[in-house]
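According to TrEMBL, the feature [2Fe-2S] cluster 1 binding site maps to Cys51, Cys56, Cys59, Cys81. Per TrEMBL, the feature [2Fe-2S] cluster 2 binding site maps to Cys121, Cys124, Cys179, Cys181. If you look up TrEMBL, you'll see Ser393, Val394, Gly395, Gly396, Asn397, Asp409, Leu454, Arg477 marked as FAD binding site. Sequence annotations record features per position, and here TrEMBL assigns Mo-molybdopterin binding site to Gln819, Phe850, Arg963, Gly1137. Positions annotated as domain '2Fe-2S ferredoxin-type' by TrEMBL: 12-99. Among the features that TrEMBL reports, domain 'FAD-binding PCMH-type' is placed at 274-464.
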Amino acid sequence: MGAPSSLNAVHRPLVFSLNGQRVELSSVDPSTTLLSYIRSETRFRGPKRGCGEGGCGACLVMLAKYNPKTKEVKESSVNSCLVMLCSIDGCAITTTEGLGNQRDGFHAIQKRLSAFHGSQCGFCTPGMTMAIYGHLKHEQQHQQKETAENGNCTNGAVAKPCSGPTSQEMERAIQGNICRCTGYRPILDVCKSFASDVDLEDLGLNTCWADKAEAKEEKLPLYDPKGDPTFPKFLIDELEARKGIQENGHARTLREEDGESLKARFTHVDSNMEGEKMRAWVSPKSLDELSAALKQLKGRKDRVKLVVGNTSSGLYKEIATIDVFVDISQIPELLTVNKNSRSLEVGAATRISELMDYLVDFRNKDGTGNVVAEGLVDHAKKLAGGHVRNWGSVGGNLVMAQKFAFESDLATILLGAGALVKVVTLTEGSEPSVAEMPLDDFLAKGTLNEDGLLQSVYIPLISDSKTDSKIVFKSYRGAPRPYGNAVSYGNAAFLANVSRNEKDETVIESVRLAFGAFGTNHAIRAFKVEELLKGKALSLSLIKESVALLKKEVVPLEGTSKKDYRVSLLVGFIFDFLNSLLSKEPTVTPTNLFPHTGKQNITIADDNYPLSQPTAKFLSQQQASGEATYCDDIPSPPRCLYAAFVLSTEPHARIKGIDATAALESVGAVDFVSLNDIPKGGGNKGIFNAFDHSEETLFAEDIVGYVGQPLGVMVADTYDHARLAAGRVCVDYDTHSVGAPVMNCHDALAQGSTLPTYPPSPLSVKHPIGNVEKALAEAEFNLEGTVSTKSQNHFYMETQTSLAIPDEDECITIYTACQGVDPVQQSVAKCLNLPLNNVRIITRRLGGGFGGKATRNIQISTAVALAAYKLRRPVRISLDRNTDMQMVGGRNPTETSYRVSFTKSGKITALKADILLESGWYADVTNFLPLLMSGTLKKYNWGTFDVKYTICKTNNVPKTSVRGPGHCEASAIADAVMNHVASYLGISGNKVRDENLHTPESFQLFQGEGSGDVGFTLPAIWERAKALSKLEEREKQIETFNEQSKWLKRGISIVPSVYGVSSYPMTATVSIFKDGSIVVEVGGVEMGQGLYTKVRQAVAFSLRSLWNKGKDVDMVSKIRVLQQDSFSLPNTFADGGSTTSESSCAAASQACEVLVQRLQPVKEKLAKDKGGEVTWADLCMTVRSWFYTPGVHSRTLRCNFFVTIILCYV
């Protein structure tokens, strides 16, 4: 296609600052996001690629804007994965490296995240840093505004401006962030450490103080806002100069009479075999300019998108298909704000967070707060995350709800509040016309015509008009996460004017009932229910009638997931609202979201120093500052290419052919790598399973077995081009000759599609235990039931990523994020027909693994290695979140049917269970699950026991290890049976569990060799947990509450857990340099469990006889743990089983024992010669040129230097 001749670029470069440095770009691709630019074109790697949807917060940066008119600077945290690069002209961008770094000094937030152990895998930590910082700046800006308005706030302390934010406010800072490691507790402690009302003694374990009695603010890393980054002066001068040009009339305005030449702000041309494709960025400064631009674009084939914040791209992936971006964020008519004592009108381009600020400041005539404004703000705080609200616009959210049926909370609450909208029509040859309409009419339009534009939103903020009535506004939402940052399953907003009649009854004078997100095209009003309630005295019978009518009025569309649940949510919402008008007794348990409270009581002693000391995680400050390097942070080598998988779209089909012709004609496409490119002698080996040495194919050969199975990889010059080209590969399937796909366990069982279990190990005890059939026949009570457990995704923050670099002599080096380098090395070697010493695998750290990078990563690395081997160029891949979740199967679903017998007291006498395990197309580790599940199932004394496992092969993506594989499923099954028995007998589940805990004898019988010889401690732990939690006392309180409460009921449960632990052989090397510093290599991978930190402490402890605590050296700080490298530490094993840290520490300790044996005689001789203590430095300085031979005391052997490396297996 030819480049559109009427798109001409205006030659003014894009200017902004990045961490205080000027950036000037004369050529910009309009489709480039800020995240892509930072990661591909700069040295900064703090903003991470996480979800790519604005949902995880890993990519956060600070964006500051300067207003030349008011001379004000506004700072806010934004998701750089959503921000278009072209939209930051004149802005100042700060990444976490710009906030603080190792060379210039870390920021107080980064130091506190380290001190409070708020970083584990560390991938989310840069985002957490910026989230907390952004919230602090927002609070400071709010305080400054109050100071300017009131003039009565003094800022004496530098640590906290004015009174400072509260704990509740600070905890909201990370609402838009996800952490998959810490459980949030330590991060919330960091947030609260900046609050004005925090009790420091309530904060958790940290390295700022060892004893809570020592908790003082001065011991925290000092935060001085005066040291924060400021808006660069060169940008202020630039913006002031632009303002002067505009005021002097030199700025050119685009109007319709300019003809056919559309002045685009930026243009970019992509060339491919099909021709050229131009993308453009247009920045109109008025409705007139917008009208002119749209007129010239009308009738063309270009896809046009109006953008303000572009946050819609998080859900609707259309950026790559857009030809012309029209930035309407600077049009004054879309930014207007009009407010009086009864209403607020905001322009459609107003950011959602700005709307919230306006509502917070809103006051009635008498100066009191407005109930509608307060209700809108409270609900809006749960809309997406704060960073999305900072950049997303009010109008954009409403247009998404109208155009895409987006489950918008904002649309629902504004509809409930009675909002109106203004729609402007940009008519050719005349002034724009404006029409006002109710919000529900706007939403019902489905989409605006190409000349229509949402201009503003009018919100009536009514207050009580007379003394005998009052305004009530309440909103509700049901979502996966109560804190927000998740799309609702259902939401509602209700506005009522109520009064009391002469009988003292509640009368509903008028009411608005808005419902949304329940499986409808847009939020709606329940007009029939409104009409039913209007003017009537409220009663329980009227509420019941309203609920029945509502069920008929809110009907989810066909295909809606969880339909019954969504309707039940709406019923609960209206019932709670109406009941609250009738009675003060609540019907919904209030969720006190903020602040979180808890206690940590830990006794710290010097015994086994430094093992016993709280220690900041190794390199945690660098993780917070974004300087810790993850696989995708490694700079791309010269001539590096990028890969994207081509995946099957059919669950079960025969491959008739794969045509990559169109894909190879795409922009930037280089090659399609497939099965045919495996070198001679190599094999189609994608995954080598280190557990049972089984193998999976790299690419599907003749038959595809599941949606998401790799068929090949597309290689191009950028990530985006590779993904676009991969989408153009055409695959011809034959679905008729292979039969219907097997999609669940029951179908697999019916068709005999099963896999064998792994041969029993010594830990798999005999089945059955006792005579189950006899116990069932003689039982006092019998029950049958079923239990299902669903799959679960890993959602590690760092997606699967690898970088393959060809080297000399047919060698290849692969940097990858994996839980074990040895299986990757073996798979790559088998695929490429190379010896293992030609394949080098390096892993420094993971951004989370949870089992998902134990086996499934191997296929990703092998595919990239094949592409690099074929093309003889570096190739890298970083899966986008959707592809990652499609290729990596997650936890195994299970289906269990059981029979259980028991006595009246709840004592169980028999359990017989049939457990179906879904493996997917390949077994992966599923055949090991019976071994893992059996031990956990036997955490209770079942009397007699028999279980049968069947592994079902289905046409689903292969399932794999996920956090406690097998154990979680088995524990859920066991406790479901317990609860079933308790429910049948009408007694507490806790009592049934009490009745069926093991004795030492029964535990030995059930667990056999796996029971160990350290004693059976579960009963003692159980009793201690009950005592510490005051279980019996709380059960009585709950029983009393339930008797008195009509609608709300409470419960409490205590559940035991057993976990089968087994360790794997682990390797380690310890090397001492002549300056006394130490490097250690271990066979484990640091993925957030603190492996390197523990190893450092273990090495320091093991060498304790060679150095003097407190007088000599901080030994831990002298120890560095290196990345895992298959060349320097071969024949390792994958991380798993929760024992990698322990095994690695043991191996390193054994190496240290050898060193101590060698060096101790030297130290003793030096002490004797010196006549005093020998420091670590003295010892290392001495042995650097002398090698001491144990047993030969009369002489030493001179050499040039001293280095000891010990390789130990444990």
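Even glycines carry a Cβ here, placed using N, Cα and C.
Note that the coordinates shown come from a computational prediction; the quantities given were computed from them, not determined experimentally.
TrEMBL feature annotations superimposed on the structure.
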residue: Cys51; record: [2Fe-2S] cluster 1 binding site; Cβ neighbours (10 Å): 22
residue: Cys59; record: [2Fe-2S] cluster 1 binding site; Cβ neighbours (10 Å): 29
residue: Cys181; record: [2Fe-2S] cluster 2 binding site; Cβ neighbours (10 Å): 24
residue: Val394; record: FAD binding site; Cβ neighbours (10 Å): 27
residue: Gly395; record: FAD binding site; Cβ neighbours (10 Å): 24
residue: Asn397; record: FAD binding site; Cβ neighbours (10 Å): 27
residue: Asp409; record: FAD binding site; Cβ neighbours (10 Å): 28
residue: Leu454; record: FAD binding site; Cβ neighbours (10 Å): 23
residue: Arg477; record: FAD binding site; Cβ neighbours (10 Å): 25
residue: Gln819; record: Mo-molybdopterin binding site; Cβ neighbours (10 Å): 28
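Summarising model confidence by region, the domain '2Fe-2S ferredoxin-type' (12-99) averages a pLDDT of 95. In terms of Cα spacing, the binding-site residues Cys51, Cys121, Cys181, Asn397, Leu454, Arg477 that come within 10 Å of Phe850 (Mo-molybdopterin binding site) are Cys181.
The Cβ neighbour count for Cys179 ([2Fe-2S] cluster 2 binding site), using a 10 Å radius over every protein chain in view, is 25. The number of other Cβ atoms within 10 Å of the Cβ belonging to Cys81 ([2Fe-2S] cluster 1 binding site), over all protein chains shown, comes to 26.
Calculated from their C-alpha atoms, the gap between Cys179 ([2Fe-2S] cluster 2 binding site) and Gly396 (FAD binding site) amounts to 28 Å. Of the candidate binding-site residues, Cys59, Cys121, Cys124, Arg963, Gly1137, the one lying closest to Gly395 (FAD binding site) when CA atoms are compared is Cys59. Sequence-ordered, the extra residues of this chain that approach the [2Fe-2S] cluster 2 site, with Cβ no more than 8 Å from the Cβ center of Cys121, Cys124, Cys179, Cys181, are Ser119, Gln120, Gly122, Phe123, Thr125, Arg180, Thr182, Met797, Gly847, Gly848, Gly1088.
When the binding-site residues Cys124, Gly396, Arg477, Arg963 are compared by Cα distance to Cys56 ([2Fe-2S] cluster 1 binding site), the shortest distance belongs to Cys124. Proximity to Gly396 (FAD binding site), judged by a C-alpha distance within 10 Å, picks out none of the binding-site residues Cys59, Cys181, Gln819. Gly1137 (Mo-molybdopterin binding site): 19 other CB atoms within 10 A of its CB, across all protein chains.
Each residue contributes its Cα atom, and for Cys121 ([2Fe-2S] cluster 2 binding site) and Gln819 (Mo-molybdopterin binding site) those atoms are 13 Å apart.
DSSP labels the residues of the domain '2Fe-2S ferredoxin-type' (12-99) in these numbers: 16 helix, 31 strand, 41 coil.
The Cα atom of Cys181 ([2Fe-2S] cluster 2 binding site) lies nearest to that of Arg963, taking the binding-site residues Cys81, Ser393, Asp409, Arg963, Gly1137 as the candidates. Take the binding-site residues Cys56, Cys124: by the count of other Cβ atoms within 10 Å of each Cβ, the lowest one is Cys56. Note: the CA-CA distance between Arg477 (FAD binding site) and Gln819 (Mo-molybdopterin binding site) rounds to 39 Å.
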